[in-house]
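Working notes, beginning with the structure itself.
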Amino acid sequence: VLKDKECPAMLIPSTPLARRCFPAIQAKKGVIMVGNKTTYEDGWGNHRNVTELLEGAKKANVVLETRQLAMKIFEDYTVSWYWIIIGLVIAMVASLIFIVLLRFLAGIMVWVMIVMVILVLGYGIFHCYMEYAKLKGEAGSDVSLTDLGFQTDLRVYLHLRQTWLAFLIILCVLELVIVLLLIFLRKRILIAIALIKVASRAVGHVMSSLLFPLCTFFLLCLCIAYWASTAVFLSTSNEAVYKVFNESACPFSGQTCKPETFNTSNVTKLCPDAQCLFAFYGGETAYHKYLIVLQFFNVFMFFWLANFVIALGQVTLAGAFASYYWAFKKPDDMPAFPLFSAFGRALRYHTGSLAFGSLVLAVVQVIRVILEYLDHRLKAAENKFAKFLLSCLKCCFWCLEKFIKFLNRNAYIMIAIYGTNFCTSARNAFFLLMRNIIRVAVLDKVTDFLFFLGKLLIVGSVGILAFFFFTQRIKLVQDTAPPLNYYWVPILTVIVGSYLIAHGFFSVYGMCVDTLFLCFLEDLERNDGSAEKPYFMSQDLRKLLKKTNKGQPDA
């Protein structure tokens, strides 16, 4: 029992502290004692001085300091919670305003960004040339990089003309590539900007979609709660195991026993000094042996349910925004409640497709969890080939998970549009995107930039406002700000909350852009502008592509 560290090797007088036992150390007339003694036995027959216990007892201060820190943080929340809520409401309003303004400012922001990139690169080229010219004739500046070799102090390279020449060439090539891409992709960039403007109008007509992530968040919380409670029940389903311990030789030594019937069993007759003592928590049944398998199954079900909830949200939003695009007269031809209609269709007709897509993704995610578990178990191993193989597998399955998430997202959009099964929708979406791969890349980068700019703007502005308010630097509301122990507590809370709110709003907007983009590609391939097959795209998009609807008024 002592070797397995299941019982303490030494027993000393103790005192309770935070529900833990600590040595009862006290000072009497300047002498440090524990239990009225200046020495203690260390369990190996040696007597040690009490002062050696002080180092271990000092660690208790960490617990007390952590407890005091937690109490102060809790006090800060109690006096500032309503101001935190006000900050989060401001972030919500700012996110909504930004999405509305994208209808008018998307094009300006994108072109300003492009011009800024070109100007920054141009300044970089100018700066590199000036540094290159300034070093002309200076001692040691003409040494080549190969002759200099590797230097730990990177500032040495900045005194070489060859370094600045290399920077100059790289920036010139990059500038040339960007200018050529802008020349050849200008039309696709204009299409991406027009789609973003259409998405802003679509969100404006389906305003309830901005609150739908709260439903998804609630369902995800239920999944997390179910997984956590099941995992706790499995972890605590062990039972106390008792085994026979004795000092002399005994054939029953190490066998399991029951304390209730031990004194009346044959063990005490054959081994008088034997005792039935507690050994560990666990079990020796088949159920206890395969608890780790049940835990992995619980993790798998959590991934499956969580992915299903996310898929349900994506199909619902895609159905609502697709009803906007395929309405010829917008918004007159849209259903009365597009979001609720899409949610009902998803539950009634597409549950199987969503479950299958979620299952595929859950399988890959569980394999990644198993690989991480194996990597953790093999950390102490010396087999470098096994570590290399495991790293390769982890990388491959990470890429596979990203690809499946991308494919599932577009498959769910096709399911919402056409109502086809998962496999058919995934195939059609994949080949549709592959036929328009350049448009996909341009739209993806443009929307990524706008979302990054929006999140940075919202989180930064709300965070700065919270900083000036809680540090009492705004004179108008200086007396209103609550007194705090740590002003960074509400500030960090507001910043994190603002990011989550902005992310929730932009995730809806991103789903809208992706849905309208697939609808736009389908519209181009299936319709020709005739009276029988009119285009459903907006008038701006038709002007960009020089498309017209013959015999039909503009939508």
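Each residue, glycine too, has its Cβ placed from N, Cα and C.
Predicted automatically and left uncurated, TrEMBL annotations should be read as such.
Under the heading transmembrane segment, TrEMBL lists 81-101 (among others).
Here TrEMBL flags 108-126 (among others) as transmembrane segment.
For 164-185 (among others), the entry in TrEMBL reads transmembrane segment.
If you look up TrEMBL, you'll see 206-228 (among others) marked as transmembrane segment.
Tertiary proximity for the transmembrane segment (301-328) is limited to same-chain residues at least six positions away from its ends with a CB under 8 Å from its CB atoms, namely 198-199, 202, 205-206, 209, 212-213, 215-216, 219-220, 223-224, 226-227, 334-335, 338-339, 341-343, 345-347, 350, 354-355, 357-359, 361-362, 365-366, 408-409, 412-413, 415-417, 508, 511-512, 514-516, 519-520, 523, 534, 536-537, 555. Sequence annotations record features per position, and here TrEMBL assigns transmembrane segment to 301-328 (among others).
The transmembrane segment annotation in TrEMBL covers 349-371 (among others).
The annotation transmembrane segment is assigned in TrEMBL to 411-434 (among others).
Distant neighbours of the transmembrane segment (446-470): 80, 83, 87, 90-91, 94-95, 98-99, 102, 106, 109-110, 113, 189, 192-193, 196, 477, 481-482, 484, 487, 490-491, 494-495, 498-499, 501-503, 506, 509-510, 513; these residues of the same chain sit at least 6 beyond its ends, with a Cβ under 8 Å from one of its Cβ atoms. The transmembrane segment annotation in TrEMBL covers 446-470 (among others).
Here TrEMBL flags 486-506 (among others) as transmembrane segment. Outside the transmembrane segment (486-506) by six or more residues, the chain places 72-73, 76-77, 80, 83-84, 87-88, 91-92, 94-96, 99, 210, 213-214, 217, 451, 454-455, 458-459, 462-463, 466-467, 470-471 with a CB less than 8 A from a CB of the stretch.
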*When you scan the chain for residues with a C-beta under 8 Å from the transmembrane segment (349-371), skipping those not six or more beyond its ends, what do you find?*
296, 299-300, 303-305, 307-308, 310-312, 315, 390, 393-394, 397-398, 400-401, 404-405, 408, 411-412, 415-416, 419, 421-422, 425-426
*What same-chain residues lie close to the transmembrane segment (108-126): Cβ under 8 Å, and 6 or more beyond its ends?*
167-168, 171-172, 174-175, 178-179, 182, 189, 192-193, 446, 449-450, 453
*Who are the chain neighbours of the transmembrane segment (81-101) in space, where the CB to CB distance is under 8 Å and they lie at least 6 residues beyond its ends?*
200, 203-204, 210, 454, 457-459, 461-462, 465-466, 469-470, 481-482, 490, 493-494, 497-498, 501-502, 505-506, 509
